[in-house]
Every structure is written in C-alpha cells, then in structure tokens.
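The structure appears below as structure tokens.
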Amino acid sequence: MAIILGIDPGSRVTGYGVIRQVGRQLSYLGSGCIRTKVDDLPSRLKLIYAGVTEIITQFQPDFFAIEQVFMAKNADSALKLGQARGVAIVAAVNQELPVFEYAARQVKQTVVGIGSAEKSQVQHMVRTMLKLPANPQADAADALAIAITHCHVSQNAMQMSESRLNLARGRLR
C-alpha cells in the first residue's frame, strides 16, 4: 500500500490530489487547490509552502509527484512557476518524502491515452478512474492525474525489475 500526493504547481493556484494504491487498485483520498490571493510573489510562495506542508501532515503520503516545468511563451510566468514548484518540492523534502517529476505530456498520455489531451478529458478520465461522483476542479484533476501517473510508472518499473530478476534466475524464456 502507498499513499501518493500529486501536485500541479502554480503561483496563483496549486492543485493537489491524494490517492492510495493497493496493488493495481487506486482509491481517492482527497484533492483541492491552494489559492494564493495576495499580490506579492514572496507571500504567495510562503502560502504554497505552508499549504503543501499542511497537506503532507494531514495525509502522510509515501511519495510526492509533481509536474515538471514546461517552456512557457512568457519567461516571467515560467520563472514564477519554477519558484512555486521549488517551494512545493522543499516542503516535500523537508518531510523526507521522495520526489518524482513527470512531464505534462506523459501525464496526459498515461491518464487519457493522448499526450495532447484537453483539460476536460483529463478531468473525465480522473473521475472515471477514481470513481468520483463529479469531475474535480481542473487543477485538482491535474494533480490527481500526476499521482495516477506515478502509480502507473512505479508499477511498470516494479514489474520490469521482477522480470529482470526472474530472467537472471532463468525463470523466463
């Protein structure tokens, strides 16, 4: 069993999603958004750090998964996003959590089956996969999709390791 915290970082809205993985079964534990309504960036970063720390304390995750930075057209936006990611990662590292990063395209490919999927498609698939009564908010859905991606990637890595071990022992042909 593992609890995974997924984070969709943003300097104004940071989505989070928490799921439990038992074997191949995924279950929803919680999700939402950390909204920073102050104008100055240092105060927003402080709120993101405090919010992520509070979520970690509440859910006690085993793994922390976050979206990688993509190259934005606006350099200022990309820098702010990078800073938001940074404080979220520091919150995880301060709690001794292992950090995993996934590209947005990989997340969409894993959850929807198309790397260029729309936000509404991600929301629908997250709702379906986690058996939710309604679509989660867009940023929370993205964070849940990041957590789901971590489960799939880690499950595949474990299966590959077991296959290699069995091959080395002469059990696979």
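Placed from the backbone N, Cα and C atoms, the Cβ positions cover glycine too.
According to Swiss-Prot, the protein carries these features:
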- ASP8: active site (ACT_SITE)
- ASP8, ASP139: Mg(2+) 1 binding site (BINDING)
- GLU67: active site (ACT_SITE)
- GLU67: Mg(2+) 2 binding site (BINDING)
- ASP139: active site (ACT_SITE)
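Location within the structure of each feature annotated in Swiss-Prot.
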residue : record                : DSSP (3 states)
ASP8    : active site           : strand
GLU67   : active site           : strand
ASP139  : Mg(2+) 1 binding site : helix
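Geometry remark: ASP8 (active site) versus ASP139 (Mg(2+) 1 binding site), CA distance 6 Å. Sequence-distant neighbours of ASP139 (Mg(2+) 1 binding site) (same chain, 6+ residues apart, CB-CB distance under 8 A): ASP8, GLY10, VAL13, THR14, GLY15, CYS33. With a 10 A radius on its CB, GLU67 (active site) counts 25 other CB atoms from all the protein chains.
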